[in-house]
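Copied over from Swiss-Prot, here are the features:
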REGION    1-172  region 'CPSase'
BINDING   S45, G224, G226, L253, Q256, N294, G296, F297  L-glutamine binding site
DOMAIN    176-362  domain 'Glutamine amidotransferase type-1'
ACT_SITE  C252  active site, nucleophile
ACT_SITE  H335  active site
ACT_SITE  E337  active site
Amino acid sequence: MKAFLVLDNGMILEGESFGYESESVGEIVFNTSMAGYQEILTDPSYCNQIITLTYPMIGNYGIHPDNMESSKIQASGLIVREYVDLPSNFMSQKTLSKFLKEYQIPAIQGIDTRKLTRYIRTNGSPNGGIFVAREYSPEFLEKVKSFPGITGTDLAKVVTTSTKYIFGTHTGKKYKLAVYDYGVKTNILRLLDAAGFAVTVYPALTPAEEIMKEGTDAFFLSNGPGDPAPLDYAIDATRKIMEKGYPLFGICLGHQIIGLSLGKKTEKMKFGHRGGNQPVKNLSTGQVEITSQNHGFAVIDDGKSSEPVSFLNLNDNTVEGILKSGYPLLTVQYHPESAPGPNDSRYLFQKFYDLVETTKRGK
């Protein structure tokens, strides 16, 4: 079946459908990872986005339940150069095509993804849509232009859990950790549990006072989709957490929320960082880590906030982490849990546990 990729400037690219035969609109982004398409598709940070995978052949190893980062596909669509419908992997339980159809997600192959990626790098991430149809219709462009975009939209409310839940086991665990779910990935929860925390996950809108009353030793602010600026409730909760002196760890969107709560600003990036090969320098040690990233907004270091930067991206000098003098705080813009990506930064989960222990001993 034919499929059409339509951008908001009127560009039309024709290809072939290999997902659900429907249509979807969203922000068009690209990810440079060579593998990990299942983890990418199920990452809640991709809510309202259509993903272009730059690696030219996708689907080779199929789908396995252990590679899910949430309960479903979160992206709005998928764009690839060539789809492989015969996976070679003893663990594969289904094809990528079947997986997409189960969750009613359209996908298009036969697209010049190099050309599309170069366009995005030059012009910024456009709004666009995938439309599965026998012929092109002018209505497709109208639907793309009606998409409101990512900026100014609270997407954390869309992907957060509706109820509080316990992750892993609490038996024998010394410290309770409250996780704010703005779109948390499963592997983050696994690694927090493995670090020794008794993990409880809370909906994004849960008042900080309610969690404090229940009892916790520390807080974690998760990754999530879109623009952090509209999340007033999250910024307010973070300020209350810091007023009480709780140890705090934020990843990706969580890092941005902490930045806003400290008086810094955020901005939308031209095309963002999405892939598993971003070099980041730890400014306290001088060590460079290769990191997995997925974000389209960044904290600005405009010099107006006194809080120092702790990590820096070596490709474009964007802020990758911030500190607060005298406060038990750890933030990173990147994804230390990888899934997919390198494991260079997984030590941060144990580092946070040690930070909590040091803080509790000092009280």
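Each residue, glycine too, has its Cβ placed from N, Cα and C.
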Next item on the list: Using H335 (active site) as the reference point, find which of the recorded positions C252, Q256, G296, F297 has the shortest Cα-to-Cα distance to it.
Entry: C252
Check: So which other residues, same chain and not among S45, G224, G226, L253, Q256, N294, G296, F297, have a Cβ within 8 Å of the centroid of the Cβ atoms at the L-glutamine site?
Finding: G183, N223, P225, D227, P228, C252, H295
Checklist line | Local confidence of the prediction over the domain 'Glutamine amidotransferase type-1' (176-362), expressed as mean pLDDT | finding: 96
Check: What same-chain residues, at least 6 away in sequence, bring their CB to under 8 Å of the CB of C252 (active site, nucleophile)?
Finding: S45, S222, N223, G224, N294, H295, V332, Q333, Y334, H335
Notebook entry, point to check: Which has the fewest other CB atoms in a 10 Å radius around its CB: G224, G226, G296, the listed binding-site residues?
Noted result: G296
Item checked: For G226 (L-glutamine binding site), the three-state class that DSSP assigns -> coil
Check: Going along the chain, which residues six or more apart from E337 (active site) have their CB under 8 A from its CB?
Finding: K185, N187, I188, R190, L191, I251, S292, R346, F349
